[in-house]
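Q: Quick paste from Swiss-Prot:
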- 133: active site, proton donor (ACT_SITE)
- 12, 103, 198: [4Fe-4S] cluster binding site (BINDING)
- 43, 81, 131, 226, 228, 271: dimethylallyl diphosphate binding site (BINDING)
- 43, 81, 131, 226, 228, 271: isopentenyl diphosphate binding site (BINDING)
- 43, 81, 131, 170, 226, 228, 271: (2E)-4-hydroxy-3-methylbut-2-enyl diphosphate binding site (BINDING)
């Protein structure tokens, strides 16, 4: 079996930055305890489990405000997905110490929405409902931001002005966004478009589109909650024309997927730890359908290997 290691794949700079911020917080003895992450720091359970070992508690829930209601003291880390001004204000009112790990690409979109609101615009925001990134973006200006996920959402959308900006969640499929923007253009011809697919998402999607077409199967390593991982599987199937499965780690690979397969493409979401992806590749490289000794699929990567290393500051 030949393995096509799609490149680039895996961690993006926004994810690494967020994890380094959280790890440094865990090492900072001056921060009030306990330390919480408001939602998953990035959408990967292996990462959140590793942070639990670092003493950082991940709290998840339907919305950031609802999660915040569970916290009465300590330090709160805002995730890479960003939060609304209301969440920041509520944390301040509760007297919590806050650390912002928002991805710079998300902050850029928030700033754009604020600027356009000041100019009297309404904003159509393309994103996944019940995902934290759109929650934060809509929360910047909920009175003028309209969240849509698919073309059907446009049927009932009415906007009381011709001044309309269209932007999007950074981890969407660039092809889905383009198609939706074309539909929006037809209904709102005066709309201005500002595509905000982050560069890391874009190049990973394009790599799958260009490199997965030579494979019989694509395996995307990523958490089920990771939108960018799920979009990579979608791109493989819809753009490259190659069947794809998303797995959280090697233990989720089903042997029947590999029957009759000669070429397997492997990629990983932007929040997937590199050791987890390497373990998947190592399994596929040694797999022999005729040798049961090669069939074991057990995640063995220790949690200590999941998070990026940070330098420990020496006490003066």
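Don't overthink the numbers, they just go from 1 along the chain as shown.
Glycine residues also receive a Cβ, built from the backbone N, Cα and C atoms like all the rest.
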Q: Using Cα coordinates, what distance in whole Å links residue 226 (dimethylallyl diphosphate binding site) and residue 12 ([4Fe-4S] cluster binding site)?
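A: Cα of residue 226 (dimethylallyl diphosphate binding site) to Cα of residue 12 ([4Fe-4S] cluster binding site) measures 13 Å after rounding.
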Q: Just the number: how many Å between the Cα atoms of residue 43 (dimethylallyl diphosphate binding site) and residue 103 ([4Fe-4S] cluster binding site)?
A: 13
Q: Quick one: which residues besides 43, 81, 131, 226, 228, 271 have a Cβ within 8 Å of the isopentenyl diphosphate site's Cβ centroid, in sequence order?
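A: Once 43, 81, 131, 226, 228, 271 are set aside, the remaining close residues are 40, 42, 133, 171, 223, 225, 227, 229, 269, 270.
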Q: Tell me whether residue 12 ([4Fe-4S] cluster binding site) sits in a helix, a strand or coil according to DSSP.
A: coil
Q: Ranking the binding-site residues 170, 226, 228, 271 by other Cβ atoms within 10 Å, which is at the bottom?
A: 226
Q: Report the residues of the chain - excluding 12, 103, 198 - with C-beta within 8 Å of the mean position of the site's C-beta atoms, for the recorded [4Fe-4S] cluster site, in sequence order.
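A: Not counting the recorded site residues, we get 13, 14, 15, 80, 104, 105, 106, 170, 171, 199, 200, 201, 270.
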Q: Just to verify: the residue among 43, 81, 131 with the fewest other Cβ atoms within 10 Å, which of the binding-site residues is it?
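A: Candidates: the binding-site residues 43, 81, 131. Fewest Cβ atoms within 10 Å: 131.
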